[in-house]
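Asker: According to TrEMBL:
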ACT_SITE  117  active site, pros-phosphohistidine intermediate
BINDING   11, 59, 87, 93, 104, 114  ATP binding site
DOMAIN    3-140  domain 'Nucleoside diphosphate kinase-like'
Ligand code: UDP
């Protein structure tokens, strides 16, 4: 399996509880390397654009409000099979369904405030990385 990049967000519920380091430790311990990182407060337009695929879903408005409720940490992660590996370490969307030992099982507050985002496929990863990072901001 080749080295891949994926896109990750540490969400506002986690920055609020000051547990970004704990989450990054889980990612690094799984063999993922942080090759780009910035802490920002998303605008409403950025959050709506990023989650545009969900705009018809009933939870869209609440999700956008949550994502702009505090700072987030945007990251590009690199490693072998990075997309799948990140999803594995994150756990299922709903923390009630997340496998023991995953980030969401251990840290998420709810299905919405679930601490992390991770790209679901290599193509999505490329689009999401481009949405937030310039090439020169990624330092492998
Ligand atoms: N979400 C929500 N309610 C739901 C499903 C999802 O608030 O019923 C939020 C949650 O924060 C999730 C995000 O919307 O992480 C994107 O949903 P997706 O199904 O893409 O899950 P993910 O890929 O993040 O596991």
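Including glycine, each Cβ sits where the backbone N, Cα and C put it.
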Asker: Through the lens of DSSP with three states only, how would you label residue 59 (ATP binding site)?
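Answerer: Note: residue 59 (ATP binding site) is coil by DSSP, not helix or strand.
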Asker: Just checking a number: largest C-alpha distance across 11, 59, 87, 93, 104, 114 for the ATP site, rounded to a whole Å.
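Answerer: In whole numbers, the farthest two Cα atoms are 21 Å apart.
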Asker: Counting other CB atoms within 10 A of each CB, which of the recorded positions 11, 87, 104, 117 comes out lowest?
Answerer: 87
Asker: Taking 10 A as the limit, how many CB atoms besides its own sit near the CB of residue 114 (ATP binding site)?
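Answerer: If we count other Cβ atoms within 10 Å of residue 114 (ATP binding site), we arrive at 23.
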Asker: In the predicted model, what is the mean pLDDT computed over the domain 'Nucleoside diphosphate kinase-like' (3-140)?
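Answerer: Looking only at the domain 'Nucleoside diphosphate kinase-like' (3-140), pLDDT averages out to 98.
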Asker: Between the Cα atoms of residue 117 (active site, pros-phosphohistidine intermediate) and residue 11 (ATP binding site), find the distance and write it as a whole number of Å.
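Answerer: Their Cα atoms are separated by 7 Å.
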Asker: Under 6 Å from ligand 1 by C-beta, which of these binding-site residues make it: 59, 87, 104? Sequence order, please.
Answerer: 59
Asker: Tally every other Cβ atom lying within 10 Å of the Cβ atom of residue 93 (ATP binding site).
Answerer: 13
Asker: With DSSP as the reference, give the number of residues of the domain 'Nucleoside diphosphate kinase-like' (3-140) in helix, strand and coil.
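Answerer: Counting residues per DSSP class in the domain 'Nucleoside diphosphate kinase-like' (3-140), I get 64 helix, 28 strand, 46 coil.
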